[in-house]
Amino acid sequence: MIGLHAFAKRETQMYPEEPVNVAPRYRGRIVLTRDPDGDERCVACNLCAAVCPVGCISLQKAEREDGRWYPEFFRINFSRCIFCGLCEEACPTTALQLTPDFELGEFKRQDLVYEKDDLLISGPGKYPEYNFYRKTGMAINGKDKGDADDEAKPIDVKSLLP
């Protein structure tokens with residue numbers, strides 16, 4: 001009986017030599033993305049930090065000359081993160097995204113605290129065409145709602161009533 005198991009297919013994968021097949025919905029490393037224009041998408045609304053069940057996200061809001069908010073610093077402590085994905089769901093600008101990258105091992109716990117420079121990637125991630133300011137029609141200094149490039153004029157909802 002024991003000899004039959006010796007010839008069965010082995011389930012162990014030799015990880016560095018053989019690639020690991022992760023599930024399509026696997027939640028791995030968290031990244032900060034950029035919009036199609038190359039600007040960072042995060043508007044420092046602090047929703048991700050508020051919804052995080054373990055409190056591993058911290059950020060500080062600052063304001064540009066044109067009135068738009070951005071995070072002065074953005075920090076995620078991956079030694080506390082449980083990769084639940086609530087921060088990605090709460091983000092209104094799709095700035096925070098979870099990638100299928102699972103190699104997060106470090107020798108020192110301090111190396112698991114990622115700053116904004118470590119988290120910010122050069123591309124838009126899962127949503128390549130999405131730009132928060134074009135969709136929301138937010139007013140910025142010098143321009144009213146609907147006056148920015150590629151932005152639709154606001155709709156008067158009372159005109160739609162019978």
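Including glycine, each Cβ sits where the backbone N, Cα and C put it.
According to TrEMBL, the domain '4Fe-4S ferredoxin-type' annotation covers 30-62 (among others). DSSP assignment over the domain '4Fe-4S ferredoxin-type' (30-62) gives 5 helix, 11 strand, 17 coil.
The Cβ of C48 ([4Fe-4S] cluster 1 binding site) has 25 other Cβ atoms within 10 Å, all protein chains considered. Feature annotation from TrEMBL assigns [4Fe-4S] cluster 1 binding site to C42, C45, C48, C91.
Listed in sequence order, the residues of the same chain lying 6 or more apart from C84 ([4Fe-4S] cluster 2 binding site) and placing their CB within less than 8 Å of its CB are R27, P53. TrEMBL lists C52, C81, C84, C87 with the feature [4Fe-4S] cluster 2 binding site.
Beyond its flanks by at least six residues, the domain '4Fe-4S ferredoxin-type' (72-101) meets 22, 26-33, 40-45, 47-48, 50-62, 109, 112-116, 119, 125-127, 130, 132 of its own chain at Cβ-Cβ distances under 8 Å. Among the features that TrEMBL reports, domain '4Fe-4S ferredoxin-type' is placed at 72-101 (among others).
Within 10 Å of the C-beta atom of C42 ([4Fe-4S] cluster 1 binding site) sit 25 other C-beta atoms, taking all shown protein chains into account. Neighbouring residues of the recorded [4Fe-4S] cluster 1 site, listed in sequence order and excluding C42, C45, C48, C91, comprise V43, A44, N46, L47, L59, C87, A90, P92, T93, A95, L96 (Cβ within 8 Å of the Cβ centroid). Within 8 A of the CB centroid of the [4Fe-4S] cluster 2 site residues C52, C81, C84, C87, the other residues of that chain are I30, C48, V51, P53, V54, C56, I57, I82, F83, G85, L86.
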